[in-house]
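Colleague: Below are the structure tokens for one structure; questions will follow.
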Amino acid sequence: MTDLASRLAARRGTIVRNQAFWGVVAIVLLLAINVVSDPSYLSIGYNDETGRLSGNLIDILRAAAPILMIAVGMCLVVATGGIDLSVGSIMVVAGAVSMELLHGMDGTAGDAALTLAIALGIATALGAVNGILVSVVGLQPFISTLVMMLAGRGIAKVITGGQNTTADNDSFAWLANGYVLGLPVVFLLAIAIVVLVALLVRRSALGLMLEAIGMDSRASRLAGVNRRGLQLTVYSVSGLLAGIAGVFATASVMTVDVSRTGYLLELDAILAVVIGGTSLAGGKFSIGGAVIGGLLIATLDKTVVFLGIPASATPAFKAVVIVVLSLLQSERVRSLFRHRRALRAQSQKEAVAA
Amino acid sequence: MTGAPPIVEMKDISISFPGVKALDAVDFRLFPGEVHTLMGENGAGKSTIIKALTGVYKIDEGEILVAGEQRRFGGTADAQAAGIATVYQEVNLCANLSIGENVMLGHEVRGPLGINWKATHRAAAEVLSMLGLEHLDLRRPLGTLSLAVQQLVAISRAMVTKPKVLILDEPTSSLDATEVAHLFTIMRRLRDQGVAILFVTHFLDQVYLISDRVTVLRNGALVGEYPIRELDRTTLISKMIGKDFATLRSLGSERQSHHYEPRGEPLLRAEDLGRKGSSEPTDVELHRGEVLGLAGLLGSGRTELARLLYGADRPDSGTIWLRGKKTDIHSPTAALNQHIAFSSENRRDEGIIRDLTVRENLVLAVQAKRGWFRPLSRKEQDTLVRKYLTELNVRPADPERPMKYLSGGNQQKVLLGRWLATEPDLLILDEPTRGIDVGAKAEIQAAVAALAAKGVAVVFISSELEEVVRLSDRIIVMKDHRKLAELENGPHVTAETIVAVIADEGDDEEGEPE
């Protein structure tokens, strides 16, 4: 083998070992499947009058926005060795609060801003409660956030009186349905927030501290890392981001569905984080990976609908895709493949020699 | 030793990791019925050779013969099947299972109705009695035993499969003298039964007590294989470090002549500092530029006292005055802000962060002290890292290498660098030289002496009394979680003096506290 070829092979090795790589492959494959079933799937239309882009890809980006939000929050929590099961329920609380407030208002932009602030404030507070349970009280993250997951949906039902409240406010709806530069506002906002969080984490020492806690919380405590403060922070941030996701999810239809908004989305967020290559055991994390994971899940959801897979088979289809992806990411499975390839190469050589 | 053929023969073994050749064409032989010690500094390749023999690492070149048969180990199970059992430095047992369950884990005797517990316990009892541990209650949870006895249980567990080769990787690093003696009795008994024992230790005395032969490694290469009778200590040490060890000696005399007279106000004064169940109320005084040694047996309360001074555990009695001011040290963060640093004895769980790089490990405490929103720039980090990697002679001096790939001695040096980088006025070192080689030990001791000369107050804890005596200006002798005596160090004080203090007080002693 020439020098160049071996260098390329080594390079390929690092790319293939990068876990997010397989997420990208999966997205491309899913899109390819869609193209096969409808060659015009990827085409993007442009409406001269409204200045909007439209098409399946744009729909996917719009659908990805809430998942990106909660996946990024989840990624930070998972880095510390925790987990946040309550994000779906915090979404519905934020949605319920905003719809209930807007319902009684006049529909001005000021009302929208005030509502947004209150809804996000409450979401952050719920996240902080998780944080306190985990860091100060010392409960296990799984239990603390499970409690919040169950309580959250209850709180939402109390807020709306069990109704699916609907409201009218154009400014608020614009958050989810508006367009800037031809792209949906909700996606642009999501990307802006993701970039902001990523910069904050990587440009400050926050990322290092979170990883240190996730890898070895006793050693980091003795090194002076403020575990409590940081845990409180990440759970609060996760709550805040879930609140934003909840606003996105309800603003698009201006209705909060107390039993369906954000339902089981925490699982999507966890999947997105794992697909992105962050271990649930904590430690090294990748926000970029979580973004890819979030995009993959949105693509998957849209594909399921597009291919007309019956609703009852949807979870199974999703599960198959994710299991295959996890297998590809597993070091063990890959080494098995390598081993078989090596064996085959060897037997070929032997055949030639004979 | 008989003229029997070797049970293990490793020929021309080479193993490389990215960027390093960990073993370079090393030969190694082990005969049945001998205790063979592997010697070398940290990073010399001792662990690598053991891991090659136990199937943890794959060998790049060379061959391994067990009982004359060539073997390729694909994993630890292959090595076990070939009759090679290993007991690692840190006890790898389940603290909440019973002794019997731990011994037989994975080898339970099975009957038609699943595990036959009666037969299993009988088998466990048999193995334990083979090692002279028949007095242990099989049903007691392992966690209630002292570390030393746990170590012996770990050896029993390894003996369940009746291996022909037993590898003991630093089994004595956390044992005291009587416990070591007990372990050696057991090792001799096994040796006489024809088991080949591969022993790794950093304690020279133990090498001479127990070994039949030694193999010396340096920097991944074989220096030689010698019968222990033909090798005196000085030769052995110089073979290990590749130069004479005058540094160590000169350091001792330098420190003792240095002898510091504390003047003026103490840097730290603690009164009645204590915590229920772990440390009786104790008074401590510390001056700038002084090394205070804490001596005592394992479990005497040295570590507990140190942890109270750092806020790693919260004291429930007593007061601390720092620089003349009453100060509440309730957490490590608070201590760091007061320029106190503490290096834990538990390097693996409370020191290094394995998956972070050397650079990240080194800057962690400084960064934590500054807060995450004021990050050290890459340039500042590089300056710090370069400074301490050079000053403390860390090898390899590669800041981007994950910490887990460094040898124990080098990890310890990086940790020392972590604490020095916070510019402490008071540095507490709990067993900083445990489990590391002579060369690294000398370097760490020299660093401590240099720090004291610069005006830092150092609390130095070690199980090696000679080391405490060599370095300290003052020594607090501890026993049963309280201060027994405080000695001014000087030419009249030796390790025996301290032993005498502990022993005198212990006339009414009814056995080891642990």
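Yeah, the Cβs are placed from backbone N, Cα and C, and that goes for glycine too.
Among the features that TrEMBL reports, transmembrane segment is placed at A:20-36, A:57-79, A:85-102, A:114-139, A:179-201, A:230-249, A:269-297, A:304-328.
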Colleague: Would you kindly check A:20-36, A:57-79, A:85-102, A:269-297 and say which stretch has the most C-beta pairs under 8 angstroms to the transmembrane segment (A:179-201)?
Modeller: A:57-79
Colleague: Taking A:20-36, A:230-249, A:269-297 as candidates, which has the most Cβ pairs under 8 Å with the transmembrane segment (A:114-139)?
Modeller: A:230-249
Colleague: Of the listed stretches (A:20-36, A:57-79, A:269-297, A:304-328), which one yields the highest count of Cβ-Cβ distances below 8 Å with the transmembrane segment (A:230-249)?
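Modeller: Selected stretch: A:57-79, with the most Cβ pairs under 8 Å.
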Colleague: Ranking A:57-79, A:269-297, A:304-328 by Cβ pairs under 8 Å to the transmembrane segment (A:20-36), which is first?
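Modeller: Looking at each of A:57-79, A:269-297, A:304-328 in turn, the most contacts to the transmembrane segment (A:20-36) are made by A:269-297.
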